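Visitor: Below are the features listed in TrEMBL for this protein:
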DISULFID  Cys48-Cys83  disulfide bond
DISULFID  Cys58-Cys72  disulfide bond
Amino acid sequence: MQQRTTRLIRIGIDYHLRMAEVIEEKIKNYRTAPFDARFPNTNQTRNCFQNYLDFHRCNKALSDKGQDVAPCDWYQRVYKSLCPLSWVGRWDEQIESGSFPGKI
């Protein structure tokens, strides 16, 4: 019993050390939205929505031309940093149903 308990503790410690390394790596690589002079105020709602629109417009424009859509990833990173997940989910559903209020 003692040996099993010691093994479980060792596994738990190893797991926590690995998780700590993963979290540390994510923090090191984390990038948040940069300052945008068009949206100088604290309320970033419009900034969130604009970057969501820009991402989808960029994807559509480059896809229609048959080009790589990798440059659009910047807009996605910014809106994912600023927008609540519930808003993004609702907007994605609205795009699929054709009822999205923005012009893409």
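Just so it is clear, glycine is given a Cβ too, placed from its N, Cα and C backbone atoms.
Keep in mind that TrEMBL annotations are predicted by a computer and have not been checked by a curator.
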Visitor: List the Cα distance (Å, whole number) between Cys72 (disulfide bond) and Cys83 (disulfide bond).
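Guide: Just about 17 Å between their Cα atoms.
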Visitor: What is the interatomic distance between the Cα atoms of Cys58 (disulfide bond) and Cys48 (disulfide bond), given in whole Å?
Guide: 15
Visitor: Name, in the order they occur in the sequence, the residues of the same chain whose CB lies under 8 A from the CB of Cys48 (disulfide bond) and which sit 6 or more residues away.
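Guide: In sequence order, Tyr79, Leu82, Cys83, Trp87 meet the Cβ cut-off.
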